[in-house]
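Swiss-Prot annotations:
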- Glu88: active site, proton acceptor (ACT_SITE)
- Ser9, Thr10, Met11, Asn12, Ala13, Gly14, Lys15, Ser16, Asp87, Glu88, Ala89, Gln90: ATP binding site (BINDING)
- Cys145, Cys147, Cys182, His185: Zn(2+) binding site (BINDING)
Amino acid sequence: MAKLYFNYSTMNAGKSTVLLQASHNYRERGMQTYLMTAAIDGRAGTGRIASRIGIGAEADIFTPRDDVFAMIRDRLGAGPVACVFVDEAQFLSPEQVWQLARVVDDLDVPVLAYGLRVDFQGKLFPGSATLLALADEMREVRTICKCGRKATMVIRQDASGRAITEGAQVQIGGNETYVSLCRKHWREATGDPGAKGH
């Protein structure tokens with residue numbers, strides 16, 4: 001029985017590396033996979049999933065307007081797919097997450113989604129919130145803070161390395177823009193949002 005999986009973490013934990021390795025494992029055994037990634041994230045080039053350690057693969061892109069169920073159903077028309085992999089899943093709309101659930105439930109194809117859990121303000125992305133609600137299984141891909149603790153948060157920083165606490169939820173960037181931290185160091189860097197107004 002197929003399942004919807006959500007593999008989540010903060011920035012620079014190796015989500016894309018894990019996705020690419022899992023897809024490779026299927027393909028090595030003669031099974032086809034279908035890779036998708038968000039059109040908004042062009043850091044590796046449009047329609048490409050790449051990891052910081054240098055591996056990559058071509059992928060179909062989705063925009064917020066796309067019907068991902070239809071995209072996957074159409075791909076299945078070209079031949080069997082053992083598993084669907086979705087990178088940058090935080091950029092899925094809630095409706096698209098429901099469409100992925102339909103792929104699992106109606107087409108009996110496993111879907112493994114990989115994405116960020118929270119943004120730089122500590123808020124859930126809408127796609128991630130819906131994945132947390134609907135996924136059959138969730139797995140945390142771990143990375144570490146500068147202090148050695150598990151990093152669960154991310155800060156956005158300016159060119160001088162100062163934390164930015166306001167702005168649009170989505171701003172594409174890499175190591176120069178975002179830093180993964182434990183909650184304690186995130187609170188210190190952002191001015192402890194929980195203490196505001198007290």
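Note that Cβ sites are derived from N, Cα and C of the backbone, with glycine treated the same way.
Mapped onto this structure are the features recorded in Swiss-Prot.
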| residue | record | DSSP (3 states) |
| --- | --- | --- |
| Ser9 | ATP binding site | strand |
| Lys15 | ATP binding site | helix |
| Glu88 | active site, proton acceptor | coil |
| Cys145 | Zn(2+) binding site | coil |
| Cys182 | Zn(2+) binding site | coil |
Where among the binding-site residues Met11, Ala13, Ala89, Cys147 do you find the Cβ with the fewest other Cβ atoms within 10 Å?
Cys147
Under 8 Å by Cβ from Asp87 (ATP binding site), counting only residues of that chain that are 6 or more apart:
Lys15, Ser16, Leu19, Leu35, Met36, Thr37, Ala38, Ile49, Ala59, Tyr114, Gly115
In angstrom units, rounded to an integer, how far apart are the Cα atoms of Cys145 (Zn(2+) binding site) and Ala13 (ATP binding site)?
11
Counting only residues 6+ away in sequence within the same chain, which have a CB under 8 Å from the CB of Cys182 (Zn(2+) binding site)?
Cys145, Cys147, Arg149, Lys150, Ala151, Thr152, Met153
Rank the binding-site residues Lys15, His185 by the number of other Cβ atoms within 10 Å of each Cβ and report the first-ranked residue.
Lys15
At 10 angstroms around each C-beta, which of the recorded positions Ser9, Glu88, Cys145 has the fewest other C-beta atoms nearby?
Cys145
